[in-house]
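Enquirer: Have a look at the structure that comes next, please.
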Amino acid sequence: MSDPSAEPLDPSIRQAIVPDNAAGRRFDAVLAELFPEFSRSRLSEWIKSGDALLDGEMARPRDTLRGGESVQVQVVLETQTHAAPQDIPLSVLYEDEQVLVIDKPAGLVVHPGAGNPDRTLVNALLFRDPALASVPRAGVVHRLDKDTSGVMVVARTVQAQTALVEQLSAREVHRQYLAVVVGALVSGGTANAPIDRHPRDRLKMAVRDDGRDAVTHYRLRERFRAHTALECRLETGRTHQIRVHMAHLKSPIVGDPLYGGALKLPKGATDELVHELRTFKRQALHAETLEFLHPVSGEPVRASAPVPADLQRLMTVLREDSARAAELARR
């Protein structure tokens, strides 16, 4: 166990003594037990870089321990010092000392990058909680596309981040989305198709045989005349996954600028619906529900983000168009 009294004054240096009952075990495995707040991959990197020392000397991850050795770890974390805190309003659904759950609006980019140097979610997070500057990626453990709205969880400590990333990797985080797609689907199903970069367009992803496995479960929420509202549950979390899978199934998401294709107007659509479909300028996709285990207590946490006004409006107009068409058919 770690001995708090032996901690050096520098908070970035962590120390511990290898317990006697760890004799015969690998250095990397024991290190992961001594410092569970860090991921195994990160600890392994520190061993290889010399930032994790055994009796003051470099060691290998596979080295066998005797018990009683001293361990010193120089905590080296990438930070977000290049991102400036900016006062951008955030809708908080849940928060405590370990996690922050927010409702991201459409139009907000998660990370600064080319074309979006600031005014991002990371800038907003650093303003709300400056301590996130010491957490890798400002605590972001998963992303939503710029024009996808909805619920996201942010880790406020390295320990929470490690636990949440492990849950995501183990597919233990439940993520449900609302999507409005082109076409009147008759049933739900599962899209099980690998995804990788598009071979020609580097801005896009595509279903590819040599891609990474990707699984999306979907079921009908509401069926309109020529569109369908779906509940989509992610089993994996590939870039643009739901958007790519729906386009692959020939039912692209309404308004999707990358995968939607040419605008398709239902025959006899009302003027209101024509206007709504032509002016809906983002993918009709909303991260509605997120469920995970609290990284410290282990208790289940469930957060839901209300359907935003633009998506509610789209569904209302689709509903009214369907009702009008049904009424005309009865005459």
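Just so you know, the numbers here start at 1 and follow the chain as drawn.
Using the three backbone atoms N, Cα and C, a Cβ is placed for every residue, glycine included.
In case it helps, Swiss-Prot gives these features for our protein:
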DOMAIN    25-97  domain 'S4 RNA-binding'
ACT_SITE  Asp145  active site
Enquirer: How many neighbouring Cβ atoms, not counting its own, are there within 10 Å of the Cβ of the residue listed as 'active site'?
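Expert: Its Cβ shell of radius 10 Å holds 20 other Cβ atoms.
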Enquirer: Across the domain 'S4 RNA-binding' (25-97), what is the average pLDDT of the model, as a whole number?
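Expert: Overall, the domain 'S4 RNA-binding' (25-97) comes to a mean pLDDT of 87.
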Enquirer: Taking DSSP states H, G and I as helix and E and B as strand, how many residues of the domain 'S4 RNA-binding' (25-97) are helix, strand and coil?
Expert: 18 helix, 16 strand, 39 coil
